[in-house]
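According to TrEMBL, the protein has these features:
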- 1-23: signal peptide (SIGNAL)
- 54-148: domain 'TonB-dependent receptor plug' (DOMAIN)
Amino acid sequence: MKTCFLYISVASAVLLALSSAYATENQPEQLETINVVTEGSMFRMGEVPFHQAKSAVSITRDQLDAQNVDKLDEIAKYQAGFANQVFGNDTNTNWFRVRGAEVSQAVNGLPTFSYGFFTPYVDSFSLEAIEVTKGADAMTFGAAQSGGLVNYVTKRAHKDQIGHGEFKTTFGNHNQYGFAADYTGAITNDKSIRYRVVANYLGRDGDWEGTDNQTLYIAPTLTWDISDKTHFTLLTSYQRDHGTPSSNFLPQEGTLVASPNGYINRNANLGDKVNDTETNRQYSIGYEFNHDFGNGLSFDSSYTYRHIQNYHRGSYAYPSAYAPLLGLH
């Protein structure tokens, strides 16, 4: 009994010592108070650090030239997440899909009306850059389609380009031919008032028999450096497109799988080559104004009036029309 009593007493003493040491080690430590004071605005999103990868890409003029982009929906061939020319190589309409969804389009940061064929057809030679924001990140700049936003940045007069110009000729298959010119000059000796004139004519046949399009584009711009901190730019453009539209939707039988009469020719046009026609006229005038007050405060204003007049007459073949040709019943 005595031996057992001593054992229990020693064990209890050790346990109490361990409990006391554990309580001492886990006692909360009082830290000094730190005050954080800052200023912010919900309207200055550019100053908020986003700790995530942004799904955005900028395509420069050099890239467009290196990839020989004639129609702007061709840029999808070289960008991740894009579906290019989802309705085929349309003669005068750009069709974009990003991550499987529709995208919004803008010119110089201002949204454009976009509905089917009634969409501004932007000439590729008129641009100095294309900015693509994919998915929900496009909502940072306002309302946008779920696929994202494609913003076209048109050419304007830069000081370092005064006296420089470009003349371009284009010849290729599908009876493609074209002439383009681009020149930047100064009106005043100090180069504070300068201009730029961009012009392009391009004609070509479509991928389907009897389809074609001719585009004429001209865009004069004027820039005035009112002071070192104040700048004004006047932007104008005129464009005319005319041709036979590629209103072609082929059936599964005869394309993906053989029909009783074989396969349909890849360049077959099931529309009416005689009566189908499309004419598109559009012009725009707008301005960009910027003044820097200093200390991170600036004022920016921009406005564009854009007029589009589109006449589209196309014939579409439905199963009841082409079934006898394919031997279908």
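The backbone N, Cα and C atoms fix where each Cβ goes, and this holds for glycine too.
The average pLDDT for the domain 'TonB-dependent receptor plug' (54-148) in the predicted structure is 80.
Counting residues per DSSP class in helix, strand and coil order gives 23 helix, 32 strand, 40 coil for the domain 'TonB-dependent receptor plug' (54-148).
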